[in-house]
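J.: According to Swiss-Prot, the feature topological domain 'Extracellular' maps to 1-478, 529-565, 617-687, 753-778, 846-881, 926-962, an assignment based on sequence analysis. Marked as compositional bias 'Basic residues' by Swiss-Prot: 58-76. Under the heading transmembrane segment, Swiss-Prot lists 479-499, 508-528, 566-586, 596-616, 688-708, 732-752, 779-799, 825-845, 882-902, 905-925, 963-983, citing sequence analysis as support. Per Swiss-Prot, topological domain 'Cytoplasmic' is recorded for 500-507, 587-595, 709-731, 800-824, 984-1092, and the stated evidence type is sequence analysis. Per Swiss-Prot, disulfide bond is recorded for Cys636-Cys684, Cys638-Cys672, and the stated evidence type is experimental evidence. Annotated N-linked glycosylation site per Swiss-Prot: Asn646, Asn666, in sequence order.
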Amino acid sequence: MPAGSNEPDGVLSYQRPDEEAVVDQGGTSTILNIHYEKEELEGHRTLYVGVRMPLGRQSHRHHRTHGQKHRRRGGRGKGASQGEEGLEASAHDTPSQRVQFILGTEEDEEHVPHELFTELDEICMKEGEEAEWKETARWLKFEEDVEDGGERWSKPYVATLSLHSLFELRSCLINGSVLLDMRASSIEEISDLILDQQELLRDLSDSVRVKVREALLKKHHHQNEKKRNNLIPIVRSFAEVGKKQSDPHSMDRDGQTVSPQSAPATNLEVKNGVNCEHSPVDLSKADLHFMKKIPAGAEASNVLVGEVDTLDRPIVAFVRLSPAVLLSGLTEVPIPTRFLFILLGPVGKGQQYHEIGRSMATIMTDEIFHDVAYKAKERDDLLAGIDEFLDQVTVLPPGEWDPSIRIEPPKNVPSQEKRKMPGVPNGNICHVEPEPHGGHSGPELERTGRLFGGLVLDVKRKAPWYWSDYRDALSLQCLASFLFLYCACMSPVITFGGLLGEATEGRISAIESLFGASMTGIAYSLFAGQPLTILGSTGPVLVFEKILFKFCKDYALSYLSLRACIGLWTAFLCIVLVATDASSLVCYITRFTEEAFASLICIIFIYEAIEKLIHLAETYPIHMHSQLDHLSLYYCRCALPENPNNHTLQYWKEHSIPTADVNWANLTVSECQEMHGEFIGSACGHHGPYTPDVLFWSCILFFATFIVSSTLKTFKTSRYFPTRVRSTVSDFAVFLTIFTMVILDFLIGVPSPKLQVPSVFKPTRDDRGWFISPIGPNPWWTVIAAIIPALLCTILIFMDQQITAVIINRKEHKLKKGCGYHLDLLVVAIMLGVCSLMGLPWFVAATVLSITHVNSLKLESECSAPGEQPKFLGIREQRVTGLMIFVLMGCSVFMTAVLKFIPMPVLYGVFLYMGVSSLQGIQFFDRLKLFGMPAKHQPDFIYLRHVPLRKVHLFTLVQLTCLVLLWVIKASPAAIVFPMMVLALVFVRKVMDLCFSKRELSWLDDLMPESKKKKLDDAKKKEEEEEAEKMLDIGGDKFPLESRKLLSSPGKNNSFRCDPSEINISDEMPKTTVWKALSINSGNTKEKSPFN
């Protein structure tokens, strides 16, 4: 078409006959039958493919400045020879190269790709009713069909297409109208422009035009518009509000629109080019539930196919609107339409049109074609996108697969980035460099060489995030985490205090443990570098306290004073470690050490939970082999002890109890226990009369807590109830379980053992206060001698704290606010010194509680397409949950009336749940299960691809041996050296370099997530296969792109193929019989349909 010709506004001038000349079997039609000379066509091609053209446009018509040479007739000089070379070369451009060239072009505001929602509508005829467009399928990521009954959507599934329908779609784009960047504001205007274009391509009578226009303007019926005879829809449209421009995403979740005054147009709305003027949208018909799944800024792609009785051959049009327009009633959800594909044909081929429509809708959801559709400048670009799609498809044999079977969406969809990346001359594909395997390298662990240099960097790193640590806690998930972990932390703190009270004769007991945990936890949550870590008591600390108390008792030293000296020295040594950046040594702690330590702690939790349940049999024994015939002879009564011990005699003396005058047989159980009486009789146990059913009821509570907690936690992935309900139940899983078990225990009434919380805030012993003198009655030299045990204690604190911190700061947790190893250790050191002066227990990072805390705060994508698995986004990093846990723990003294109803077996069940759940994802246990598994049944673990199985077993055996040694030391009187053994694991790992290669250790001993490493491995393997099959030409020209990658330009020096196995699907497709048949049909008389 001459440059000076006038076109209807919205029809682009790119549809010149020269650009319509698709290299195929001559099936391309022209607009005005204007024939260009071969030289001109060749020159045009040479200019387009040989030079990277900018996307800047003189006008919306998209004319490119070709210069005078483009308009010359005749002249077989230099320009013509270049044109011939370009034409010959362009025929050999692979679709992949062409697509990479298209995607490498500059972007402008009108061609920025958005997320797409695609809808397939078909003309539906009902008896006695007027024909209308009916929604039959939709795509956000996967396909959803309206079931035959028409009452519901199908489950999302992976769309399977026939190759024939894809060929037919390609033929449609070759022979139909392609209107890019049409400017229109209504469906009426779009219909007129399409029909105007059709009249240029073919003879279209007025009657046919009227019928087709009527068909295009018919009402659209969507699946969500069910019968509402009993409902009065509240029709609220943009027109009624004042026809003001408003973004469709300015709706709230109840369907109310935000007024233009309260929601001014944002830069995003202007950038998206949404034109909502004169587009009344009935929000009462919008599917607001489905709207939540559509990302903000998404646009629509409408596919309209159907039969019109007045047509003798199909009308095909592909339209891209610029800007996107909000068309009332066209789409199921009120979002602007960017693309339309229209296929109207003669009656009798409805199923064929349906499959072509499905193919168009499916290909629009393809990540690569989606971008090509946004950036395409002409028909050839769209065809290149389809050819590239065909080049990547996987074919299922017809005799081995039933197409009616719906394929479930995969859990992980492979990345398509590789398809976007250009080839390089040696045949390799440019790819992003993988992240380094394993290790903890990062700025947090770099030695600065300055005094407190690491601490200063930690403070600078965490300070900008401090206030966001409180704002980010405004979530229901944080409330669930706080309630769950409060219950989980209370029991071990009280239990630890009770054990410590027994070991120290009450000098440090439950009330001191509660107070110390609360004070230390609050300070740590407020000022630590990684507030996700939960502080708690550890077994080695208890062993250290027992040994120290025994030493002080043997040498008549004051236990609390000597302990205060040791604590102050330990705090000082930890501060020295902070000053010298000793935390940088954490980089030597690899997965080998982490997993051994974490596995041990998890096993200890599981073991102690079961052990505590079994110990209930001592207090509540089972009366086995009961002789029911002698049941009437059983009795248990209180009596005066025959041989009272000194403690009992002292009690009687202090309370002036006349033992001879007491009627012991008439005392109740509680009165007998209070007066230190003795139970005698065949129905008595060690601690009083037999209490029936307590042990069995405790076992029921224990296992029920574990099973219900595990079930509710996985409820998020179940098929029942809406997403919000499932997420809430999953977040509150443990708290709901504890609450349910408490109610059940209260209703059953069996006297199970309950949580005992101190009810008075004062020291356990009257002979001590809240401040302990470091010297006290001890000799002065004890202050200096205390540095010796303090060295061992420092190693204990450092290893416990930093190994837990390393586990929490793993890369797979995707933490964004950084970590602070030096700052964490400083806060722990200061609070350790404070607790020592106050006579309170020492607290360090608790591994299992910290892992459980992190797991309870996992973030997943909320806006996920139907069928798409939510993506793990990271952890909700904040300080409030830890702060509230320890604040409420300090207030527990005043909540005794409520806490006394919590059965201890329920808390033991929570311990079991935390231990088992924390084991998930530990590679060591996955490798341990391989021992009893035949090779053909072994999972596709990434390390099994690269490391021989015998080496994997050897690595696991070494790790298992170390774990057993740690367990033996932990359970023996030598438990005080446990931190030294954990430190020894680092050296064991170093020795393993002699038995394993670096490559094997990189796969077996690192911190990289499994899914990510497997993705890189699959990409690398596919790259090697492609390298073996394809060899790209070395002489291709290259253009520097914004991404700083090299892109081979289509159309120059690409005609020579070194590898005869390399094919160009665009060249090979016309050679197929199927394509020849389609081409012959499309070239026949106009009376015939091209879809025979």
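Keep in mind that glycine also has a Cβ here, set from the backbone N, Cα and C atoms.
Where in this structure would I find these features, and how exposed are they?
T.: Tertiary proximity for the transmembrane segment (479-499) is limited to same-chain residues at least six positions away from its ends with a CB under 8 Å from its CB atoms, namely 508-514, 517, 534, 536-537, 542, 728, 731-735, 738, 755-757, 841, 846, 849, 852-853, 856-857, 880-881, 884-886, 888-889, 892, 899, 902, 904, 907, 910-911, 914.
In the predicted model, residues of the topological domain 'Cytoplasmic' (500-507) average a pLDDT of 72.
Packing against the transmembrane segment (508-528) from elsewhere in the chain are residues 489, 493-494, 496-498, 500-501, 534-537, 545, 560, 756-758, 760-764, 820, 823-824, 827-828, 830-831, 834-835, 838-843, 879, 882-883, 885-887, 889-890, 892-893: each is 6 or more residues past its ends and has a CB under 8 Å from a CB in it.
Helix, strand and coil residue tallies for the topological domain 'Extracellular' (529-565), in that order: 23 helix, 2 strand, 12 coil [DSSP].
Residues 440, 445-449, 451-455, 548, 774, 786-787, 789-791, 793-794, 797-798, 802, 805-806, 821-822, 825-826, 828-830, 832-833, 835-837, 842 of the same chain lie 6+ residues outside the transmembrane segment (566-586) yet bring a C-beta within less than 8 angstroms of a C-beta in it.
Taken residue by residue, the topological domain 'Extracellular' (617-687) breaks down under DSSP into 30 helix, 8 strand, 33 coil.
Neighbour count (other Cβ atoms within 10 Å of the Cβ, all protein chains): 21 for Cys672 (disulfide bond).
The local packing around Asn646 (N-linked glycosylation site), expressed as other Cβ atoms within 10 Å of its Cβ over all shown chains, amounts to 7.
All chains included, 10 other C-beta atoms sit within 10 angstroms of the C-beta of Asn666 (N-linked glycosylation site).
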J.: With CB pairs under 8 Å as the measure, which of the listed stretches 688-708, 732-752, 779-799, 825-845, 963-983 comes out on top against the transmembrane segment (905-925)?
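T.: Out of the listed stretches, 688-708 contacts the transmembrane segment (905-925) most.
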J.: Write out the long-range same-chain contacts of Cys638 (disulfide bond), meaning residues 6 or more apart in sequence whose Cβ is under 8 Å from its Cβ.
T.: Trp664, Ala665, Leu667, Val669, Glu671, Cys672, Gly677, Glu678, Phe679
J.: Find the one among the recorded positions Cys636, Asn646, Cys684 whose C-alpha lies closest to that of Asn666 (N-linked glycosylation site).
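T.: Going through Cys636, Asn646, Cys684 one by one, the Cα closest to that of Asn666 (N-linked glycosylation site) is Cys636.
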J.: Taking helix as H, G and I and strand as E and B in DSSP, count the residues of the topological domain 'Cytoplasmic' (587-595) in helix, strand and coil.
T.: 7 helix, 0 strand, 2 coil
J.: Cβ pairs under 8 Å only, please: of the recorded stretches 596-616, 732-752, 779-799, 825-845, 963-983, which one is richest in them relative to the transmembrane segment (882-902)?
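T.: Stretch with the highest Cβ contact count: 732-752.
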J.: Under a criterion of Cβ-Cβ distance under 8 Å and sequence separation of at least 6, what residues of the same chain contact Cys684 (disulfide bond)?
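T.: Long-range Cβ contacts: Cys636, Tyr690.
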J.: Summarise the topological domain 'Cytoplasmic' (709-731) by DSSP state, stating how many residues are helix, strand and coil.
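T.: Per DSSP, the residues of the topological domain 'Cytoplasmic' (709-731) fall into 18 helix, 0 strand, 5 coil.
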J.: How about long-range neighbours of the topological domain 'Cytoplasmic' (709-731): same chain, 6 or more residues beyond its ends, C-beta under 8 Å?
T.: 476-477, 480-481, 737, 856, 909-910, 913, 916-917
J.: Which residues of the chain, 6 or more past the ends of the transmembrane segment (732-752), have a CB below 8 A from one of its CBs?
T.: 480, 483-484, 487-488, 691, 693-694, 697-698, 701, 704-705, 708-709, 712-713, 715, 901-906, 909-910, 913
J.: Within 10 angstroms of the C-beta of Cys636 (disulfide bond), what count of other C-beta atoms is obtained when all protein chains are considered?
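T.: By my count, 15.
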J.: Per DSSP, what is the residue count of the topological domain 'Extracellular' (753-778) in each of helix, strand and coil?
T.: 0 helix, 1 strand, 25 coil
J.: Who are the chain neighbours of the topological domain 'Extracellular' (529-565) in space, where the CB to CB distance is under 8 Å and they lie at least 6 residues beyond its ends?
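T.: Beyond its ends, the topological domain 'Extracellular' (529-565) has Cβ neighbours at 458, 461-462, 469, 485, 489, 492-493, 496, 499-500, 503-505, 507-508, 513, 517, 520-521, 604, 768, 772-778, 782-783, 786, 789, 792-793, 796, 800, 804-805, 808-809, 818-824, 828, 836-837, 839, 841-846, 849-850, 852-854, 857, 875, 877-879, 882-883, 885, 970, 973, 975-976, 978-979.
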